[in-house]
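Enquirer: Got a structure for you, questions after.
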């Protein structure tokens, strides 16, 4: 008993890490696409969420391709959060590719190739295939191994359903699959005749009393009914980019695992497009246009915008969502100014969704959700102070202060975060406004201080006055 007392019990470390938007589960809309006040991690921005819900409906129907949506608003107004909510609402079946506007600049790949790959990653292809399977409960399994230990293994298996029972001879390959899956009498299995893949569905209910105790992973299922051999339709979902990589001779399918795909020739893409269209006409495949989300879209230059103008008109284009926090600014690569740093001809093709700054009540609710997500206990007074800090500084600064304040409270072994913890963190870590103020006060003491810039600023102030 003394040895048992010394055993240390530790919690299993969580694999899911807490990110900036990990608390978002969807757009928080009801059945008629009306935005709830607080739902699925989303707070406020009712008009923007309602508009995003309509875009999700367009994507789900899959009939309209090549639409471009711009999420425009001030910093910290939830543009990326809405995009994450859209990805969650669409689910895993719809391809959703997220990238930043600066990701396309690389020495290994040109800009248009990076955009082409991102666009094709966002288009899914559902390929339908009919396969023959054997499905039933294993009654008896017998494997004969050579006495020498080397050589071919042979065996027999008896599989049954509620209506019939059949014996099968097993070859070496299928025996290896059986041993890998640890198949034994009483298991309900499926065998794909084409590929030889063996899948264990669970154990039969009739064998539930075989063991006094079973693991949590043991699943009990009914014995299958009808014929042993059945035809089953299997749907494989792949993206056009994955098909491109597999058919690219210079890389092959191994590049999918390495990630180093390089540039893919346009001829390969044209052949794949024609083949996919052929499958579509024959009913073998369905095209599932997804979503490409480009954050910080003002970082794209004039060449990228020109390429997107042409790409959006293609019938194989996904729905493109861009987000930017810029006002009237220069288009990158030119000296011309434009709203959001995007050319007028591309803006004309866009549907613009505006996000507005959060109210003090909404900021408090967001901070409360973030505290729950980060598993931090906070009292009401501290939450009000944190909300006031978020209003005066920024929402991001307040969210980042939650974790640091939690560490301060744990250090003094407190059960929850208090106002004193928030004050301590506020004094230790500067926000952008206080940092800028200190820079202006002590700018003469910093290296490479440009006095001419300050003189020019003073001259501009004199002119405006």
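First residue shown is number 1, and so on along the chain.
Just so you know, glycine gets a Cβ as well, placed from its N, Cα and C.
Summarising the annotation, Swiss-Prot assigns ATP binding site to 73, 74, 75, 76, 77, 78, 79, 80 and lists similarity to another entry as the type of evidence.
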Enquirer: If you count Cβ atoms within 10 Å of the Cβ of residue 75 (ATP binding site), leaving out that atom itself, what do you get?
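Expert: Here the count is 11.
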Enquirer: Using all protein chains in view, find how many other C-beta atoms are within 10 Å of the C-beta of residue 74 (ATP binding site).
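Expert: A count of 12.
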Enquirer: Please list, in sequence order, every residue of the chain apart from 73, 74, 75, 76, 77, 78, 79, 80 whose Cβ lies within 8 Å of the Cβ centroid of the ATP site.
Expert: 325, 355
Enquirer: Any same-chain residues 6+ apart from residue 76 (ATP binding site) with CB under 8 Å of its CB? Would you list them in sequence order, or say none?
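Expert: Within the chain, residue 76 (ATP binding site) has Cβ neighbours under 8 Å at 357, 358, 394, 395, 396.
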Enquirer: Taking the Cβ of residue 80 (ATP binding site) as the centre, how many other Cβ atoms fall within a 10 Å radius?
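Expert: 17, counting other Cβ atoms within 10 Å of residue 80 (ATP binding site).
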Enquirer: Let me spell it out: for each of the binding-site residues (73, 78), count the other Cβ atoms within 10 Å of that residue's Cβ, using every protein chain shown. Which one has the most?
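Expert: Result of the Cβ crowding comparison: 78.
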Enquirer: Using a 10 Å cut-off on CB atoms, tell me which of the binding-site residues 77, 79 is the least crowded.
Expert: 77
